[in-house]
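Only one structure is covered here, and it is reproduced in the block below.
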Amino acid sequence: MKVITSLISSILLKFIHKDFHEIYARMSLLDRFLLLIVHGVDKMVPWHKLPVFLGLTYLEVRRHLHQQYNLLNVGQTPTGIRFDPANYPYRTADGKFNDPFNEGVGSQNSFFGRNCPPVDQKSKLRRPDPMVVATKLLGRKKFIDTGKQFNMIAASWIQFMIHDWIDHLEDTHQIELVAPKEVASKCPLSSFRFLKTKEVPTGFFEIKTGSQNIRTPWWDSSVIYGSNSKTLDRVRTYKDGKLKISEETGLLLHDEDGLAISGDIRNSWAGVSALQALFIKEHNAVCDALKDEDDDLEDEDLYRYARLVTSAVVAKIHTIDWTVQLLKTDTLLAGMRANWYGLLGKKFKDSFGHAGSSILGGVVGMKKPQNHGVPYSLTEDFTSVYRMHSLLPDQLHILDIDDVPGTNKSLPLIQEISMRDLIGRKGEETMSHIGFTKLMVSMGHQASGALELMNYPMWLRDIVPHDPNGQARPDHVDLAALEIYRDRERSVPRYNEFRRSMFMIPITKWEDLTEDEEAIEVLDDVYDGDVEELDLLVGLMAEKKIKGFAISETAFYIFLIMATRRLEADRFFTSDFNETIYTKKGLEWVNTTESLKDVIDRHYPDMTDKWMNSESAFSVWDSPPLTKNPIPLYLRIPS
């Protein structure tokens, strides 16, 4: 039998790219066949041009391979007595006691995992110089937007999520970057200082050091609750389970220093604050609904149930609303809905319950969580592909909501506010003058920036960063250059090696990456003709996009594995997604909320009816809704 297996494997090897031979040798026979399928499709016909059902099949095969070979544990897993989940039927303040086999998994200060093996870059942290890369390849020359696909609410949403998921623990040691002479005159800062990422020993032989996440990586809405008991105490009223919010304005409250009172306010701006305020109102509305159902519920009970419900609503909106607009294709519409509802769909699941299989019934509601043998975490690579600051414009366009809406519910422009005036304390002051409704409507009608080369906001190249408590630091930073440095410092592979690790064929020339002649010329100059030196962020921005995708295909494959993992590894989305844990009313609340529009309508009943023409609150509001397609979704063929 071994001889036959060896013979088959050697034959298959001839069809596999040489860069995958090493990983291929470690695969099971089944996985070798699956890699051959993925590899064959990649070479012959792009998966996104296949009929929807075949495209979904390809993505399921690819996701399986990533789950087997792209989940790398960092840090030792403590061995101890297994706890009883029944003792913790709620989300804890610091993320502990979710995984029954390891109480610390997903808690504040746990390690970032990895999707790709780390590549030590200490010898070339400054090659090419990050400020040269930022100036020649990233800095905005002319604003490029996303058309009608993605608006400023969508741009705010992803930062809202990042504040829920990830933030690296910093060291006390400062690094300084100085602009080389060749670009110094074009750099907003001639030099800047910042704290390096803290390297922490893991106790592992292979991955010796790692980084710690000072946010809880679970989808637990720590963006409004905080990642520890101290912050949670700051945001709670301790009355009827509710969180602090201005009843008069619907905006966040502020402390004596002018800092917003919410779960995470570091490096925030008015768009994120607006979403925090909206979901605090959602939490409080859940408390009221639960209290109406059962007047005997105490403050702590109401808070715990409402947090579960609100977190699930946020996760659902991200899965079947935000991501669908980000990856605007029929295949991903089907795929993201299948992640939540399964291939059998919402009607079947609502009528008959979970079908048992995650493919047929969805990840949500599975009988038990699934971590594929690797303790849950978010990853260094996940952090890298979520570098999306190019979504931000230079000004926010404030519209006149007192005027009569025009064609497609459009509104006249009355003011342009610099994004600098919408950050931190100043942003909170500016927002108080604008008001929630005007801000949300204005963001809804404004297109976000596109994730492209030479579209990184210049105002972010001279910005005041915050410490973890939201206080301004003394040193300005060049965020574009800093992001290049961070990926290198954290041993995230550069673009080509990243692709190899994700079973993607590496590029051999700049023309494989982009057709833009100017970009090719600058890439060749900055990287001295060596495609292997290309930084990941630059490659993700330069890469030709799939039609309908706002992000690169390379970034998407990290989404493919990690979007599912955030749901399937969490018992509150799987074994504990039920009436016992959520209450009957709470589960009904989650199951009947399908979009951000539903949440807006609940708290601002006239807003979308009056000013939103689009199908989703994440696409530009004056865009027409999609026309109904009579062809069943799974049978559609991409145009």
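Note that Cβ sites are derived from N, Cα and C of the backbone, with glycine treated the same way.
The structure displayed is predicted, hence computed values, not measured ones.
Residues or ranges marked as active site, proton acceptor by Swiss-Prot on the basis of experimental evidence: His163. DSSP assigns His163 (active site, proton acceptor) to a helix in the three-state reduction.
Marked as Ca(2+) binding site by Swiss-Prot on the basis of experimental evidence: Asp164, Thr216, Trp218, Asp220, Ser222. Note: Thr216 (Ca(2+) binding site) has non-local neighbours Asp94, Gly95, Gly106, Ser107, Gln108, Ser222, Ser227, i.e. same-chain residues 6+ apart with C-beta under 8 A of its own C-beta. Thr216 (Ca(2+) binding site) falls outside any helix or strand according to DSSP and counts as coil.
What Swiss-Prot lists as heme b binding site is His168, His389, Arg486, Arg490. A helical conformation is recorded for His389 (heme b binding site) in the three-state DSSP classification. Within the same chain, the residues at least 6 positions away from His389 (heme b binding site) whose Cβ sits under 8 Å from its Cβ are Tyr456, Pro457, Leu460, Leu479, Ala480, Glu483, listed in sequence order.
Taken from Swiss-Prot, the feature site 'Transition state stabilizer' covers Arg266, and the record attributes it to sequence analysis. Classification of Arg266 (site 'Transition state stabilizer') by DSSP places it in coil, neither helical nor stranded.
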Among Arg266, Arg486, the one of these recorded positions whose Cβ has the fewest neighbouring Cβ atoms within 10 Å: Arg266
Pairwise Cα distance for Trp218 (Ca(2+) binding site)/His163 (active site, proton acceptor) [Å, integer]: 11
Distance, Asp220 (Ca(2+) binding site) to Arg490 (heme b binding site) (CA atoms, angstrom): 26
Minimum Cα separation from Arg266 (site 'Transition state stabilizer'), reported as the residue among recorded positions His163, Asp164, His168, Asp220, Arg486 that achieves it: His163
DSSP three-state assignment for Ser222 (Ca(2+) binding site): helix
Candidates His163, His168, Arg490: member of the recorded positions with the richest Cβ shell (10 Å): His163
Arg486 (heme b binding site) and Asp164 (Ca(2+) binding site), distance between Cα atoms, whole Å: 20
